[in-house]
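Q: First, the structure itself, so that you have it in front of you.
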Amino acid sequence: MQLAVWTYEGPPHIGAMRVATAMLGLHYVLHAPQGDTYADLLFTMIERRGDRPPVTYTTFQARDLGGDTAELFKTAAREAFERFQPQAMIVGASCTAELIQDDPGGLARALGLPIPVVALELPSYQKKENWGAAETFYRLVRGLCAPPAPRAEGRTPSCNILGPTALGFRHRDDLREITDLLTRMGVAINVTAPLGATPADLARLGEADFNIVLYPEIAGPAAAWLTRAHAQPATKTIPIGLGATREFIAEVAGLAGLDAAPILAAETARSAWYSRSVDSNYLTGKRVFVFGDATHALAAARMATEELGFTLVGLGSYAREQARELRDAAKAHGIEATISDDYLAVEAAIQAAQPELILGTQMERHTAKRLGIPCAVISAPVHVQDYPARYSPQMGFEGANVLFDTWVHPLMMGLEEHLLGMFREDFEFHGEAAPSHLGAAAATATAAPTPPATLTWAAEAERELGKIPFFVRGKARRNTERYATEHGIGTITIEALYDAKAHFSR
Amino acid sequence: MSAAALARAPDAGCTEAPVLRERGQREVFCGLTGIIWLHRKIQDAFFLVVGSRTCAHLMQSAAGVMIFAEPRFATAIMEERDLAGMTDANEELDRVVAQLLARRPDIRLLFLVGSCPSEVIKLDLSRAAQRLNATHAPGVRVLNYSGSGIETTFTQGEDACLAALVPEMRADPAPGLLVVGALAEVVEDQMRRLFAALGIGPVAFLPPRRAADLPGVGPGTRFLLAQPFLAETARLLEDRGARRLAAPFPLGAEGTTAWLRAAAEAWGIPAARFREVTTAGEQRARTAIARHRPLLAGRRITFFPDSQLEIPLARFLSRELDMQPVEIGTPYLHRQHLAEELALLAADAMLSEGGDVDRQLDRCRAARPDIVVCGLGLANPLEAEGFTTKWSIELVFTPIQGYDQAGDLAALFARPLDRRTRLMV
């Protein structure tokens with residue numbers, strides 16, 4: 001048993017719903033108790049979709065358990081077929097139905113429906129949402145893709161784009177950005193899936209030359225199967241950040257037999273110049289903590305360090321499946337990765353690292369609010385605010401621009417930070433104030449931690465500490481106390497404070 | 001008007017109206033959802049759902065905005081090995097509870113809340129609660145109830161929670177009024193003032209704001225239901241000797257007056273005194289409601305089954321705002337507790353119980369009501385089809401009971417229609 005207040009991922013059948021809702025002409029019959037229909041609101045409220053997810057729930061109740069829940073499933077499946085006339089159906093069980101072992105796959109087969117029915121086995125007590133999405137997509141691709149056929153010679157190179165789903169973090173906009181980029185490169189898009197694909201489209205997947213894997217958490221297993229069964233290579237680079245986008249272009253060009261040089265010479269992101277411009281000097285070495293799904297966390301760590309000049313003080317993910325890659329990436333920055341799906345453990349890691357900026361999920365946004373640390377959201381789990389009305393991709397050249405703006409905006413502007421350092425006691429422009437362009441939302445002052453028993457702060461040193469802007473004060477306090485302990489100082493004076501500052505200055 | 005209406009024969013209004021009973025997909029929350037308001041209501045209580053990742057995901061998704069101010073609820077997520085053997089599951093539960101109580105020493109009352117998976121594997125939470133009581137007494141009292149979707153629909157979770165509190169209430173034979181059902185604190189305070197002015201008392205509320213303030217119950221207790229979904233709680237209170245004061249629910253001016261009158265009559269308060277105390281509030285409510293009548297009068301309204309508040313709401317909207325109910329869906333119809341409400345509804349209202357969401361959507365599309373009251377899963381899709389909707393969850397998250405909230409209640413229905421008329425996009 002795991003004590004959870006909030007979770008980063010839903011159960012695996014939510015992943016299956018994300019695939020089903022992304023597609024057209026597919027219907028999901030889910031054996032589930034009354035109440036599991038809450039999942040519809042993820043799509044209709046958080047993502048603000050105008051259609052109900054294509055899901056029929058059996059919604060059994062206690063009185064059905066004594067009777068025939070299997071019959072209930074068959075009725076629901078038959079009626080869903082008659083009402084929605086899908087091209088194909090997926091069937092499965094949520095956590096409770098898994099326990100009553102009705103075998104939705106077998107029951108659906110017994111109905112003899114005139115369409116393909118793909119049975120899903122999603123172990124709810126072991127696996128989570130992203131795994132469920134990946135498994136569902138893999139089963140659909142395997143079940144619906146036509147046998148390999150010879151590809152015509154001499155035609156335009158073509159690819160499939162795999163991975164975008166409903167309820168994805170900016171999947172809609174990433175897809176548009178990457179589709180446009182591939183089109184400019186002269187690569188034809190054979191099928192995009194799951195988002196916007198029909199079961200008939202999945203049958204045509206084998207016709208492409210190679211696959212673009214946008215979100216390996218979701219498309220990884222399906223792409224690996226297509227490599228094995230249809231000899232389609234797949235991209236490895238995730239085009240988040242300018243450097244990664246350029247590598248992605250080179251990788252795609254290699255797979256497509258095209259020359260990447262013209263597009264690499266012609267295109268770039270404005271973020272590169274903005275980052276080099278002198279105004280961005282103040283971003284240098286800002287301490288940043290990165291947490292999210294593995295794909296977004298790894299990409300953000302790279303962009304934060306290579307393209308904004310930040311210092312990485314924390315890197316982590318709730319995705320245990322990709323723990324090794326994250327550990328390696330963290331090691332390269334001289335830190336240890338935080339691999340946890342307990343948001344309180346992540347909060348503790350953030351507090352210990354004392355970052356000046358958090359790039360995280362909605363969970364870390366709340367942690368940041370509580371700790372008074374600027375934050376930008378880079379990954380699911382999602383919130384209604386993660387579906388902006390405007391075009392806001394994370395991938396490609398425009399994605400790099402969006403990320404530059406999104407990450408810099410929460411920070412104190414360069415000159416403002418200097419003025420704050422100079423006039424710390426100004427009554428309306430003081431160290432507790434939030435960045436002035438972010439309105440009246442003052443940071444929550446956190447209580448000062450108790451120093452070790454062997455240490456005391458002289459009153460004037462404590463006052464001097466108070467003049468340091470709040471977002472670095474905790475770090476200054478800790479460093480000074482560490483310095484004092486290491487140097488056998490019992491009472492921290494102003495002198496000791498500045499000695500410590502000199503000792504630890506970077 | 002209201003007095004005359006109440007004097008009608010019991011077979012008046014919708015009392016004998018046929019009810020369409022359907023079985024099919026039910027687009028409703030399970031009883032766990034009640035924790036989202038109950039955990040704020042009882043300030044030293046904690047709700048530990050013993051369930052699956054789905055339960056935890058529901059709790060944070062239904063809360064919509066995640067309440068990160070350290071919520072007083074959590075989920076003990078069962079994993080593969082908890083299903084393998086019961087001994088392990090019980091040991092694991094004890095460990096999780098110890099971990100939780102160590103982190104939250106301020107907790108005095110812990111509810112172990114059963115879920116669909118815990119019910120299906122027959123994890124006995126009442127025995128677990130007994131065992132944990134032995135360990136954690138006297139600092140923490142551990143109770144249990146089920147909020148599972150196989151047994152409870154949405155607001156029935158509150159019923160199950162309050163029912164778990166009834167055996168904890170001390171025996172108290174003294175006369176007193178008990179108001180049953182979670183109400184916003186502002187509403188409770190208004191009710192307290194009104195009862196005090198009427199000379200009715202002592203007055204206690206269930207649930208209390210703090211676990212230690214749990215009221216007593218006994219043959220002298222008269223209780224008023226503040227919510228229409230408390231069947232089991234009422235039954236257990238009656239078993240303890242308390243008597244329910246039959247009344248409509250305190251929604252709208254008329255409903256609030258009738259609800260207060262039921263207590264006033266039980267306490268033998270003279271009619272003149274009753275009018276003296278209630279007239280000002282009732283008039284204020286009528287004035288506030290009247291502001292919304294131009295927008296709402298004559299409009300046709302359909303309710304999808306959700307909170308069991310549908311019938312009292314339809315009564316309020318039809319009688320005080322002249323709206324026309326097309327279909328009133330309710331997940332469960334408790335005829336006895338709703339007798340006074342049904343008598344006040346126009347006889348031609350169509351009632352449906354249970355539900356099959358696809359069939360009701362067909363009926364809704366055919367009837368084209370002016371406004372549809374429905375859950376969060378249906379609201380945007382119906383808006384996209386051109387319907388005006390009111391999400392029903394707001395009706396359990398907003399203070400709507402009593403005189404001074406009657407205008408706010410009307411406003412909840414007026415706002416979506418008002419918005420339609422403003423928007424040019």
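For all residues, glycine too, the Cβ spot is worked out from N, Cα and C.
Got these off TrEMBL a minute ago, pasting:
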- A:D279: active site, proton donor (ACT_SITE)
- A:D36: [4Fe-4S] cluster binding site (BINDING)
- A:G414, A:L415: substrate binding site (BINDING)
- A:12-411: domain 'Nitrogenase/oxidoreductase component 1' (DOMAIN)
Q: Can you count the other CB atoms that lie within 10 A of the CB of A:D279 (active site, proton donor)?
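A: Other Cβ atoms found within 10 Å: 13.
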Q: State the Cα to Cα distance, in Å, between the residue listed as '[4Fe-4S] cluster binding site' and A:D279 (active site, proton donor), rounded to an integer.
A: 51
Q: On average, what pLDDT score does this prediction assign to the domain 'Nitrogenase/oxidoreductase component 1' (A:12-411)?
A: 95
Q: Can you count the other CB atoms that lie within 10 A of the CB of A:D36 ([4Fe-4S] cluster binding site)?
A: 30
